[in-house]
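J.: Can you read through this structure? Questions will come right after.
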């Protein structure tokens, strides 16, 4: 037998090698031939993944998959040319510790970023969808229900361009039974193509997203319970198995997976609102919230996470997902359950409002014309994300009382800060290419200055508001800051990261969330001097 006849024309070198082995032993030839053909066959079946949406979830998730699965081709697609250009540049569109290194290792090898959405969707075996699911701005469920416009658009595009069977994976946080709606869209336009829908929600914390992906505490995969659904689950599970141990990969039905993500965010937000509610009680009774938190953290049934009192929670998920949960409960007649979850958001709004009131009342009941330094604008440290950051509401509250703000954040651009302060509560929730390119109206922005560092922000200021827990703020030379400020000089620590005792020794009047107000008021009276 001439084995070269069984190989493609461009594989003549391999065919020659097979013929050479044949001279020595039929058995060796048969084994080696099997190995070569298996390798060729496997190469032809190389898995291709496509991630729709190059945002905070899609970009890092697909990059880490590419890093851990070098034999898999990963494409991240988005219709925003500016965003894709940024992913292909040295300045990524989002900041996450470790992300730049991951992208540089894989980009140009098995990781590509492209605006050619339809081609990569058509070529992919598995399609991850990480598009925005903002809160509806109008119509049925406005202000609570998730707007699935972008998800539906993605599903219709998938159905239009695909010519082979696909696995479609929900990465976006979606309402329960979204998969059912997506399945109907795909089925009605299937052209004989089979689709399996999986729910694979992300459990990432911004600021630690890359680490969360590299060492996840769990991976959740939900799918249909029939044979085809279970086979799809196995294929996705096999990808994660490249670096995640099997005991951390949880498989469920698709509805449980969808609800688990909403429940996860609701429980975390509830925990933050709980400790923030306690911080208000601490101020009124003379207790210290930091001491209460420590006592609670030693209870193994509670643990230490999410027990730091602050000016409030932010980010793209918590409020949006709780409102979605409230709407689902209401639609199912669970009014009492819906009201329970509403309180989590009400307490968060109360905490932000309470902070603004404390600033204004402390500074002789007016901040009109006074310079207030705002240190930190991102919703948490180690991220550039400002979506629903409490800093927006605090700044707008102070601007409403005619304060002059000087804002500094080490990772958030001046343009982003001004855009956030000019947008309403709905615009921020939509894809970046659909947001205003710049502030459309002043909205008090003529009283907003963006500083290059903390010292510029605080120079000649009457007060300082700490709104993000950036580590660099702990290392500020506060004696230098105090010397350059108007007197009396106020510090309002919305993150409880500063040494209150040392600040008071310098001469600051300090308010720290969850500390006894009586002690603070005494300090205020004793330290205050005329302008």
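Backbone N, Cα and C define each Cβ position, glycine as well.
Pulled the feature table from TrEMBL, pasting it below:
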ACT_SITE  317  active site, nucleophile
BINDING   53-58, 78, 83, 131-135, 172-173, 206, 317-320, 387  NAD(+) binding site
DOMAIN    373-500  domain 'UDP-glucose/GDP-mannose dehydrogenase C-terminal'
J.: For the C-alpha pair, I'd like the distance in angstrom between residue 206 (NAD(+) binding site) and residue 317 (active site, nucleophile), rounded off.
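T.: Approximately 11 Å lies between the Cα of residue 206 (NAD(+) binding site) and that of residue 317 (active site, nucleophile).
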J.: Reported as an integer number of Å, what is the Cα distance between residue 53 (NAD(+) binding site) and residue 317 (active site, nucleophile)?
T.: 16
J.: Provide the number of Cβ atoms within 10 Å of the Cβ of residue 53 (NAD(+) binding site), excluding the reference atom itself.
T.: 26
J.: With helix taken as DSSP H, G or I, strand as E or B and everything else coil, how many residues of the domain 'UDP-glucose/GDP-mannose dehydrogenase C-terminal' (373-500) land in each class?
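T.: Split by secondary structure, the domain 'UDP-glucose/GDP-mannose dehydrogenase C-terminal' (373-500) comes out as 45 helix, 19 strand, 64 coil.
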J.: Rounded to the nearest angstrom, how far is the Cα of residue 135 (NAD(+) binding site) from the Cα of the residue listed as 'active site, nucleophile'?
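T.: Here the two Cα atoms lie 10 Å apart.
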